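Here is what Swiss-Prot records for this protein:
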BINDING   29, 118  Fe-coproporphyrin III binding site
BINDING   169, 250  Fe(2+) binding site
């Protein structure tokens, strides 16, 4: 039986031009082109950091995993929102005769927004898949963060006052209502690293970053808001973007530009440990994650035809809408539910699945 590992990541623009960024942004928005001013802002941010190394780094990570596991598995790489796209790579895997595939998402934590967003592309009548849900507890990865933070404390902070700020990509606040495990996993991850360092609860905190402006509330505190709200600052802030493993715009701009600029304004020393990137400890974590999970059950993924636009029976919409305030449901979902003149309304697939998990919508 031919087996494979499919390593997947979010993706990035194929070229740093206005239209290159526009194409990537449009893919993220599911084919709806953002307004020009939104594209311009993102384009300017990419220009400010000199482009993004994400694809280069990810391909190097893939090559290093392949060097360790290539005798047993064919190793493939795909992006969610840029080339090579997941469906295209699955097509190539089918042509190569692959029958079983371990899916390793290069995001250590499980979230409905991340893992479920990848699963929807896993459609094949030939290949059975095993999706690894999370791997943030891998000892090698925990040691990486603890070791790199310890270096900063020893070599740069020394006896000065400091605070370690663990930050993670934010998610919409209604994730709390749906029981998304991501938030608790971030807190646990931070605590595990802090314990390795012997930090007291006063020496570290958790914040969120990189939220999108799509008209819905996100988990707080945002890292920039946290910094602005402090009445006193330590001598040093150590920023640890723990939900990421590679350098990309949400680290190089959101941390190294925006957080750095605020530290300069407040007269505080800015530090950020290097991202794991291609470090051997990260590769150890990825390889061990495969080893720990490789004997689990593989299964077919045959999503319904209408992945992002599932049909919701109209007689259920009133109850959903009545509870939408408590759920802090996004306006765009309310508008979908409120549509008149049809027997069914369409609801984004992800929202439907989250409603099911929250017990707000009967499972089919």
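Just so it is clear, glycine is given a Cβ too, placed from its N, Cα and C backbone atoms.
Sequence features, as recorded in Swiss-Prot, placed on the structure.
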| residue | record | DSSP (3 states) |
| --- | --- | --- |
| 29 | Fe-coproporphyrin III binding site | coil |
| 118 | Fe-coproporphyrin III binding site | helix |
| 169 | Fe(2+) binding site | strand |
| 250 | Fe(2+) binding site | helix |
For residue 118 (Fe-coproporphyrin III binding site) and residue 169 (Fe(2+) binding site), what Cα-Cα distance in Å is obtained after rounding to a whole number? 17
Ranked by how many other Cβ atoms lie within 10 Å of their Cβ, the binding-site residues 29, 169 are led by 169
10 Å Cβ neighbour count around residue 118 (Fe-coproporphyrin III binding site)? 19
Using a Cβ cut-off under 8 Å and a sequence separation of 6 or more, which residues in the same chain sit near residue 250 (Fe(2+) binding site)? 169, 209, 210, 241, 244
